[in-house]
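Residues annotated as active site, proton acceptor in Swiss-Prot, with experimental evidence given as evidence: ASP49. Residues annotated as active site, proton donor in Swiss-Prot, with experimental evidence given as evidence: HIS206. What Swiss-Prot records for ASP49, TYR145 is acetate binding site. Per Swiss-Prot, Co(2+) binding site is recorded for ASP50, HIS104, HIS108. Annotation source Swiss-Prot lists disulfide bond at CYS38-CYS237, CYS148-CYS152. The annotation domain 'NodB homology' is assigned in Swiss-Prot to 42-232. Feature annotation from Swiss-Prot assigns signal peptide to 1-26; the stated evidence is experimental evidence.
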Amino acid sequence: MHFSTLFGAAATAALAGSTNASPLARRQVPVGTPILQCTQPGLVALTYDDGPFTFTPQLLDILKQNDVRATFFVNGNNWANIEAGSNPDTIRRMRADGHLVGSHTYAHPDLNTLSSADRISQMRHVEEATRRIDGFAPKYMRAPYLSCDAGCQGDLGGLGYHIIDTNLDTKDYENNKPETTHLSAEKFNNELSADVGANSYIVLSHDVHEQTVVSLTQKLIDTLKSKGYRAVTVGECLGDAPENWYKA
């Protein structure tokens, strides 16, 4: 189940309607309401789900080489355990490099299949892990499978979460082979409008897929820059100052 685009329009309207606010410091990002796009045109938020994983450090290198900040929606224990091996160092590096770290739940369940108590537990477990790793807890999240009904949205809103959807899915998980990754790059190019003054995008990819890291990401960056877009974190995309990206 995909979030309704109606929620995206409502969230954008709520963000845009903030009065007497500076572009960054005072804009209020809605909680408990799925958000599909940025609050001003010309911005692209590259987002990566399911990590950290083997390929994530290389992705961080590529982003740094291109002077690009991105957003990582991390799991606690999915492809890898967030607190095992070098993963804590990877999380700390994400933040040190200026990226936004959000939650993708602890174990990647479909939140619509869980009770309220279990949904809350999934989110709290990630918060506890990230506090142990680097002393922070996310305020941004993306639901696994983009699946979050009204009850789920209510629970996440009660926890103070900004729910991030997407309006451009690269489908990289379908094209994780050297001979097919170009299909995701072409999809991105085709769906990224040339009308920079009227469009913005929250782009969905996954740092657990090798071709996304070694091939696709550079193509995404080159394409968005060639069309005149600027790559930003989801927080900047929504006019949210960095000091507001995490819970106290």
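Residue 1 is the first one shown; counting continues down the chain.
Every residue gets a Cβ built from N, Cα and C, even glycine.
Positions of Swiss-Prot features highlighted on the structure.
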residue: CYS38; record: disulfide bond; contacts (Cβ under 8 Å, 6+ apart): VAL44, ALA45, SER200, TYR201, ILE202, VAL232, CYS237, LEU238
residue: ASP49; record: active site, proton acceptor; contacts (Cβ under 8 Å, 6+ apart): PHE73, HIS104, ARG142, LEU204, SER205, HIS206, ASP207
residue: ASP50; record: Co(2+) binding site; contacts (Cβ under 8 Å, 6+ apart): PHE73, VAL74, ASN75, ASN78, TRP79, HIS104, HIS108, HIS206, ASP207, VAL208
residue: CYS152; record: disulfide bond; contacts (Cβ under 8 Å, 6+ apart): LEU111, ASN112, ARG119, ALA143
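Around the Cβ of CYS148 (disulfide bond), 28 further Cβ atoms fall within 10 Å across all displayed protein chains.
Comparing Cβ neighbour counts within 10 Å across the binding-site residues HIS104, HIS108, the minimum falls on HIS108. DSSP gives CYS237 (disulfide bond) a helix state. Regional average pLDDT for the domain 'NodB homology' (42-232) in the model is 98. Using a 10 Å radius centred on the Cβ of CYS237 (disulfide bond) and all shown protein chains, the other Cβ atoms total 27. Within 8 A of the CB centroid of the Co(2+) site residues ASP50, HIS104, HIS108, the other residues of that chain are ASP49, GLY51, PHE73, VAL74, ASN75, ASN78, TRP79, THR105, PRO144. In this view, TYR145 (acetate binding site) is surrounded by 14 other Cβ atoms within 10 Å of its Cβ, with every protein chain counted. Cβ-based neighbour count (10 Å, all protein chains) for HIS206 (active site, proton donor) stands at 21.
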